[in-house]
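Positions annotated as domain 'Anoctamin dimerisation' by TrEMBL: 38-258. Per TrEMBL, domain 'Anoctamin transmembrane' is recorded for 261-846. Marked as transmembrane segment by TrEMBL: 272-299, 350-370, 434-461, 481-502, 645-668, 702-721, 811-832.
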Amino acid sequence: LVLELNQVIIPSYGTVPDQQNLHAPEWVDFDDKPDSLFFKDGQRRIDFVLVYEDESKKMTHKRSDRKKQKRKRQVYESNLINNGLQLEATRSVLDEKLIFVKVHAPWEVLCTYAEVMHIKLPLQHNDLKTRGSAFNWFSRLLRVDENIIKPEQEFFTAPFQKELLSNFYIQDKDTFFNPATRSRIVHFILSRVEYATKNNVKKFGVNKLLDTGIYKAAFPLHDSSFRHPSTDPNCPSERYLLYREWAHPKNIFKLQPLDFIRKYYGEKIGIYFAWLGFYTNMLTVAAVVGVGCFLYGFLKKDNCTWSQEVCDPNIGGNIIMCPQCDKVCTYWNLNITCESSKKLCIFDSFGTLVFAVFMGIWVTFFLEFWKRRQAELEYEWDTVEYLEQEEQVRPEYEARCTHVVMNEITQQEEHVPYTACGKCVRMTFCTSAIFFWILLIIASVVGIIVYRLSVFLVFSAKLSQHISGTEAIGKYLTPQTATSVTASLISFVVIMILNIVYEKVAILITDFELPRTQTDYENSLTTKMFLFQFVNYYSSCFYIAFFKGKFVGHPGSPVYWLGKYRNEECDPGGCLLELTTQLAIIVGGKAIWNNIQEVLLPLVKNLIGRYSAAARSEKIVPRWEHDYHLQPIGKLGLFYEYLEMVIQFGFVTLFVASFPLAPLLALINNMLEIRLDAWKLTTQFRRMVPQKAQDIGAWQPILQGIAILAVVTNAMIIAFTSDMIPRLVYYWSFSVPPYGNHSSHTMEGYINSTLSVFNISDFKNASKPFSPWFGNQTTCRQVYRDLRYPPGHQHQYEHNIYYWHVIAAKLAFIIVMEHVIYFVKFIISYVIPDVSQKTKSKVKREKYLTQKLLHENDLKGVKKHMGKIADNILKGADSAFRPKDE
């Protein structure tokens, strides 16, 4: 809804309005009160600050351009005054070219726009008794001291209406609208005031003026310095309290003051930190179980029979492995993989299976309990019916509403920015662009695979391991390891570069779509960015987990990729350890990169600005000028913070079967992330415009999709990437008669029975190694568990019965694991309600009070008024029919 108010608009860029019709801000000098948040009179609060560079002192534009910019700014400021706002201008203390325009919204303007924006305000105190929890005594130890940050009073609220002003809980007009609400209302006005028209298209909004450079900044004020409290006794110094009790590293183990965060920064910031804190708390349980499973594997690694056979010089030392590439690769002993087999025993154990099942259930508990917590916050922060009532149309959407259509529901004409055909064209173009970029990512992944295949030949020649070789480096640096590490590093660099490029492309595509509301805009951008990031970050992991080493043929008949490159093979123990390496490099590198980008860059910029300002002057600087030299938060706000955490959530859940320590690393990272994000907001960035948010938006269904996919990926990792199923099949079926020679179930002989035999005389000339053959043996073993009949068998080099048993067991395992976990997830989702009974009671109580206080009072007024009318009618009738005395 946009109020139609009388405004002075420039008809065209070449026309100048009558200067007498324009209102200008009041000019004042700085009063040497650095912590003041008021106009010079000390009564009117500063709700917003606009900053521009004096056009007469600009040297970077033509004179005519400077005049046009000045006219637009003057008309815009005049229209702000016409809308009821009060402006006061002050020249900068440090830079005389800068002008600060302070904006104040009077009581009448706040009331008018609070009704337009359907802002909920307090009716009366919440009279519902809160039940004490059994864990209150423990949480009290971790909460912020209530004597420092006092708990917020709970009120029942209702959408504000001016005509029902007396029904609202107003003790003081100056504090009825808190600073965050005041700034939000003023920003709503600033975003919709016009300043020009061109070709019958209205130009309006402070965002466009910022983009064109007419204004250099627009922001609400921080209420104090973060280093010390304000010298103004009437200032609560909330920023200082937030830094000391929330952002400071000493509070890393304390609970966050979420109500206080929401009060200062708004619901959108508050819901992010509430979600991040809840996610971090839930990670504690997953981290403990993950560490337990890791310790189980670590303690059992010395009893790992198949690893002992690999390391045994009489078993692994006598097993000659076939070359892993054509010609340049040579034969090698199995026991050179001894160290990697020991590491693999830690991760490829029974504990990993237990942990994968646990994480499938844990993620369900996390999402279900978060829904309950989110419902509580929706009620406490008055966002239950936010989307239906309060959210306004984006100014960019309003400006393009030139087409008239008939609303099917109201049967009234309404304006839209494009026709049905135009919308179809836009969607087709945007979808095509998205798929093009996804294909570009896939092409980069293919390039990494080609690199792996080609560079493996180089490393095999440089790091070749002969049968008689005793080089120490062979224990730790094999051709597979060198290829894996370098490919992971290159993959990480490519991922970061594509991220930077696609970020700009996604924003352009979403701007072209022209979503109606800010929530629609963010949800559309979220979907695009996550789809891209999903392919970008996870594609290499999916390749290693599910494709590498699966389609390689056998030494006599290898499979070639693109007709040239021989497909990669896994280590004898599978690709699980390589998947762990890939995850560690990407997750670790991403965390380091994000911290540099998010923390160091703003810090360095602010330090440079602070020292340059200090070098220019030692004068007293006002609060608005301090805030101007901080970094802007950016148009997308916390979008990248959410994206970073959701990508991490994917790594923690999708591939957790390969790395049980992932939740522990995520927990440590998130504990630091909460304080780093808090530190950035309170010390390095200007105060954000407070915004409403009902929930975490499109991230919720994305998390649910990841949770569903995680069950499948972990089941397939255990079945196809790890070596667990072949070992179990051997232990229960092929170690004893009729297939085995042992009298009881055992893992002895597993290595010898699962590495297929190949006759070296069957090598083709294209793949026959250059290196000479040492010894009298005529056979070598395949690196991977291909389970084929030996040479001389009537079905030589074809898959044997062991192979088909293993395939059947793998498929059965996937089906059973998926169905069991999905059934448990369904039961948990059904048993745990999305909204607690306590929250339901509060919502019902509030609706009852709203109806009683607002509607019944209206009804009483109507009855009273109708009663007077009825009395007058009766009096008139009585006098008309009364008999005359005469």
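In case you wondered, yes, glycine gets a Cβ from its N, Cα and C as well.
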Within-chain partners of the transmembrane segment (350-370) [C-beta distance under 8 Å, separation at least 6 from its ends]: 275, 278-279, 282, 285-286, 289-290, 292-294, 296-297, 300, 652-653, 656-658, 660, 663, 703-704, 706-707, 710-711, 714-715, 717-718, 722, 724, 817, 820-821, 824-825, 828-829, 832, 834
Can you name the far-off residues of the same chain, 6+ from the ends of the transmembrane segment (645-668), with a Cβ under 8 Å from a Cβ of it? 276, 279-280, 283-284, 286-287, 289-291, 293-294, 297, 347, 351-353, 355-356, 359, 363, 530, 533-534, 537-538, 541, 545, 576, 579-580, 583-584, 586-587, 590, 699, 702-703, 706-707, 709-710, 713-714, 717-718, 721-722
For the transmembrane segment (811-832), could you work out the same-chain residues 6 or more beyond its ends whose Cβ comes under 8 Å from its Cβ atoms? 356-357, 360-361, 364-365, 368-369, 372, 707, 711-712, 715-716, 718-719, 725
Restricting attention to the domain 'Anoctamin dimerisation' (38-258), give the mean pLDDT. 85
